[in-house]
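Working notes, beginning with the structure itself.
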Amino acid sequence: MNNLLLRSSADIIALVPAAGIGSRMNSDCPKQYLSIAGKTIIEHTLSALLDHPRIRHVVIVLNPTDTQFQSLEVVSDSRITTVTGGEQRADSVLAGLNHLAHVTGNDNCWVLVHDAARPCLHHDDLDRLLQLAEADEQGNMACGGILASPVRDTMKRGRVGQIIDHTVERQDLWHALTPQFFPLMLLRDCLSKALSQHANITDEASALEYCGYQPVLVNGRSDNIKVTCPEDLALAEFYLSRK
């Protein structure tokens with residue numbers, strides 16, 4: 001992909017960081033390559049993105065040692081490009097953003113960042129999130145936002161020894177999900193600044209927060225789970241069977 005020209009402002013590029021090794025899965029295989037219902041997790045994730053009419057292209061950021069992605073059927077899809085990632089997730093996202101900044105031909109485009117291990121994304125969630133770009137076009141100066149779900153359970157803050165320190169008020173607490181959706185150049189600049197100053201960046205929104213922005217929380221489905229632990233596989237398979 002030497003030059004990705006977007007046909008209109010409605011076209012969206014997705015960025016999927018997939019350079020992690022998934023140590024919590026207790027598996028020899030990175031979690032994005034584990035199989036659910038005959039397809040790898042990352043293939044389910046890519047299908048959820050590429051089946052949406054507004055997503056024109058997906059950039060996947062891979063570990064330098066990755067040898068498995070090239071064996072998947074989806075590798076032949078012309079709408080997919082791969083780039084090499086960095087040591088941490090934030091480094092990989094920045095590598096993808098730097099690549100996109102050189103090939104989009106559009107300084108005003110927006111980018112959708114989505115976890116490789118979140119295969120259960122629904123298009124109704126995605127539609128609500130993509131409305132943020134429309135708000136920006138209408139002059140509302142949206143800086144972007146993320147899918148998130150309100151915290152439902154009682155939250156406890158612990159201390160050393162796994163002892164309860166106190167109960168945290170759950171009002172206004174949200175679980176941050178993906179996709180997270182921002183203007184490409186704004187996200188790149190914020191992430192670059194935050195990393196250069198050794199800030200603790202755990203998702204894309206935290207880079208914007210570090211630079212003084214306040215992204216929007218877009219209410220998303222709680223079944224948009226990230227496959228992190230072995231028990232998540234059966235749950236993801238159940239959710240996918242009901243899509």
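The backbone N, Cα and C atoms fix where each Cβ goes, and this holds for glycine too.
According to Swiss-Prot:
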{"type": "SITE", "residues": "R24", "note": "site 'Transition state stabilizer'"}
{"type": "SITE", "residues": "K31", "note": "site 'Transition state stabilizer'"}
{"type": "SITE", "residues": "R170", "note": "site 'Positions MEP for the nucleophilic attack'"}
{"type": "SITE", "residues": "K226", "note": "site 'Positions MEP for the nucleophilic attack'"}
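On the structure: features taken from Swiss-Prot.
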residue : record                                           : DSSP class
K31     : site 'Transition state stabilizer'               : helix
R170    : site 'Positions MEP for the nucleophilic attack' : coil
K226    : site 'Positions MEP for the nucleophilic attack' : coil
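With the fewest other C-beta atoms within 10 Å around its C-beta, R170 stands out among the recorded sites K31, R170, K226.
Note: the CA-CA distance between R170 (site 'Positions MEP for the nucleophilic attack') and K226 (site 'Positions MEP for the nucleophilic attack') rounds to 21 Å.
Here the Cα atom of K31 (site 'Transition state stabilizer') is found 10 Å from that of K226 (site 'Positions MEP for the nucleophilic attack').
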